[in-house]
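Novice: I grabbed these lines from Swiss-Prot:
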ACT_SITE  His76  active site, charge relay system
ACT_SITE  Asp121  active site, charge relay system
ACT_SITE  Ser216  active site, charge relay system
DISULFID  Cys61-Cys77  disulfide bond
DISULFID  Cys186-Cys203  disulfide bond
DISULFID  Cys212-Cys236  disulfide bond
DOMAIN    35-260  domain 'Peptidase S1'
SIGNAL    1-19  signal peptide
SITE      Asp210  site 'Required for specificity'
Amino acid sequence: MHRLVVLLVCLAVGSACAGTVGVSNGDPFEREGRIVGGEDTTIGAHPYQVSLQTKSGSHFCGGSLINEDTVVTAAHCLVGRKVSKVFVRLGSTLYNEGGIVVAVRELAYNEDYNSKTMEYDVGILKLDEKVKETENIRYIELATETPPTGTTAVVTGWGSKCYFWCMTLPKTLQEVYVNIVDWKTCASDEYKYGEIIYDSMVCAYEKKKDACQGDSGGPLAVGNTLVGIVSWGYACASNLLPGVYSDVPALRKWILNASETL
């Protein structure tokens, strides 16, 4: 079953948004996710958050630092990317300045990643240098079990505070609190997705709050534990259509193996 993904896309020149919002039914991995309904936060509150950037400094996806030289992100963020043209900014509340910028020496995504179903939407980047923990740079642990439905989690990233007619895109890190919805519940009649939710996914939901079109690949966290990776969704912050994330516990073995072998 093919999925129609409707996205709110802020048309941009370089890294600056022109302020026009439209809709697109393009391939899911073409989107650049943005936090919807979030609030300003600081990197000190979420020091594992990183920005994936082009050589020119344009933010295109989020990611999570899991050890001194490994970043976890979504597979769809890495498809078609040349390692020499991907950089990671760490330790900054702003995606366009501050912190440190590190080159990437290797990247990989799950060999079972399916751009049609969005199953196994996980990838990693190996940094060109080891990064020590500081006040604003911390490693996040990988969850071993998916939290129960109803557990409060936080999604972070850079993006708009609205879900329609977004006139500006703040450069400050955003956070939004949502509630975990396990994959079986998300695939049930209680929500609208049905059979397109798979066991490599986990959902999270709160009315008018979501991770949507730059936040792709970013963290869904409970405490200092990474439970999900921003993957896809139908529209943004839509009623009974939760945001869908790659389920870290389900993909943990691949992440650890790839981290050790790259």
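Cβ coordinates are placed from backbone N, Cα and C, and glycine is handled just like the others.
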Novice: Cα within 10 Å of Cys77 (disulfide bond) is the criterion; apply it to the recorded positions Asp121, Cys186, Cys203 and give the hits in sequence order.
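Specialist: So far as Cα distances go, the recorded positions lying within 10 Å of Cys77 (disulfide bond) are Asp121.
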Novice: As a test of reading the model: what is the averaged pLDDT for the domain 'Peptidase S1' (35-260)?
Specialist: 90
Novice: Can you tell me whether DSSP puts Cys203 (disulfide bond) in helix, strand or coil?
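Specialist: In three-state terms, Cys203 (disulfide bond) counts as strand.
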Novice: Round to the nearest Å and give the CA-to-CA distance linking His76 (active site, charge relay system) with Cys186 (disulfide bond).
Specialist: 22
Novice: In angstrom units, rounded to an integer, how far apart are the Cα atoms of Asp121 (active site, charge relay system) and Cys203 (disulfide bond)?
Specialist: 14
Novice: Let me check the 10 A CB neighbour count of Cys77 (disulfide bond). How many other CB atoms are there?
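Specialist: Its Cβ shell of radius 10 Å holds 29 other Cβ atoms.
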Novice: By the DSSP assignment reduced to helix, strand and coil, which category contains Cys77 (disulfide bond)?
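Specialist: DSSP assigns Cys77 (disulfide bond) to helix.
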Novice: Going by C-alpha distance, which of the disulfide-bonded residues Cys61, Cys186, Cys203 is nearest to Ser216 (active site, charge relay system)?
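Specialist: Nearest candidate: Cys61.
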